[in-house]
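J.: Pasting the relevant annotations from Swiss-Prot:
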- 4-169: domain 'EngA-type G 1' (DOMAIN)
- 10-17, 57-61, 120-123: GTP 1 binding site (BINDING)
- 177-352: domain 'EngA-type G 2' (DOMAIN)
- 183-190, 230-234, 295-298: GTP 2 binding site (BINDING)
- 353-438: domain 'KH-like' (DOMAIN)
């Protein structure tokens, strides 16, 4: 369902990300003692009483600084407010009202969105009431003293907030596809997100490491909803300092795990690097459906054979991910970007697909007829009794055999290829579990599965 949005607004370092973590009940927003740590607007699901909603974590709002990132952060905060049902304006109770708070308050009073004033860092009830009273002067109504770290006062804040939010029953269900956009730094992930959504949703800058959080954007195409997750660029461990980037990379790995499909973005000018190979291995290990997005194709000098040569190189270097579909695009010009979601749809369908035991065993029957299982040096031949799919996402098939050790890697790859070719598992990894089973055990289960 499309959840109502609550924007968290405030100047830098008043505890906005800590409040988001408190409301969302997790530690996803990066909290670290470095100014301006939240750059993009990031969405987190939250719940209170009978209301489901999203809290939007924005960068620290500053109106009088022209350094490179701050104007971009202002734009992101303003966009978050424009799409919100309500906003929480966070101030620092320990410092009292500042000129920056007054400037933000003046701007907020001109907006049509309901504003709730949260006075953070009020660590005691008595002192908090005194601290909060100083903020009446901002002209935004009653100040609510809270402690984001300890949670005190947040219940009263949320009671006020949900007055402005629709109930869960009034929200329509959607079959959402979660898509993580993953790759090395500066391969064009944020530009791709912007091209897919048609707005400057993620900050695009030539500075490496612009995207620090895994940030979400929900887009609709026809009847299908997609949650696009832009992630921080993933570098070699030895190049990552402990701090915000360290946390961001861990967040990117979590984004891979929660995604239905990964858009693995590769720089066409760099080709496949060692770091790309390691990242591809991580995606494959997590069992995620994948689309290989070769970006910056507009910058490549090419002739009529270039794309075929590049495809061969990709298939050679990423041989363990040969099941992934690939597309050559330019996020900068938008060329072929609109076709990416078609591949996402195909990969999702394969990733979620379930096949009956009867069909699986028909494939096995034909496969073993054309190519018999191997025989050991001692003359003992492998035998596949039957197979059954035990789960999807990714599709996982258990094969019951007389002895798993009798099936070498070549034959296992052959069986996997047969499943892919005959059952259409494109864009997703599949898992085959080879399980030993005696003839007597097979006979006891013959009423539950078709034997081969």
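A Cβ is built for glycine as well, from the same backbone N, Cα and C atoms used for every other residue.
Small disclaimer: the values here were computed from a predicted structure and weren't measured.
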J.: Have a look at the binding-site residues 10, 58, 61, 122 and say which one has the shortest Cα distance to residue 183 (GTP 2 binding site).
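T.: Nearest by Cα distance to residue 183 (GTP 2 binding site): 58.
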J.: Can you tell me the CA-to-CA distance separating residue 189 (GTP 2 binding site) and residue 13 (GTP 1 binding site), as a whole number of Å?
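T.: Counting only the Cα atoms, the answer is 27 Å.
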J.: Taking the Cβ of residue 16 (GTP 1 binding site) as the centre, how many other Cβ atoms fall within a 10 Å radius?
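T.: The answer is 30.
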J.: Average pLDDT across the domain 'EngA-type G 2' (177-352)?
T.: 80
J.: Cβ-Cβ under 8 Å from residue 122 (GTP 1 binding site), same chain, 6 or more residues apart: which ones?
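T.: Residue 122 (GTP 1 binding site) has long-range Cβ partners 93, 128, 131, 132, 145, 146, 147, 152, 153.
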J.: Going by Cα-Cα distance, which of the binding-site residues (186, 231, 297) sits nearest to residue 58 (GTP 1 binding site)?
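T.: That would be 231, the closest of 186, 231, 297 to residue 58 (GTP 1 binding site).
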J.: Would you mind pulling the DSSP three-state label for residue 297 (GTP 2 binding site)?
T.: helix
J.: Between residue 13 (GTP 1 binding site) and residue 231 (GTP 2 binding site), find the distance joining the two CA atoms and give it rounded to the nearest Å.
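T.: Here the two Cα atoms lie 23 Å apart.
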J.: Of the binding-site residues 186, 231, 297, which one sits closest to residue 10 (GTP 1 binding site) when you measure Cα to Cα?
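T.: Closest by Cα: 231.
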J.: Going by C-alpha distance, which of the binding-site residues 186, 231, 297 is nearest to residue 61 (GTP 1 binding site)?
T.: 231
J.: By CA distance, which of the binding-site residues (186, 231, 297) lies nearest to residue 16 (GTP 1 binding site)?
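T.: That would be 231, nearest by Cα distance.
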J.: Have a look around residue 183 (GTP 2 binding site) and count the other CB atoms within 10 A of its CB, chains all included.
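T.: By my count, 24.
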J.: Return the residue, from the listed binding-site residues 13, 186, 231, with the maximum count of other C-beta atoms within 10 angstroms of its C-beta.
T.: 231
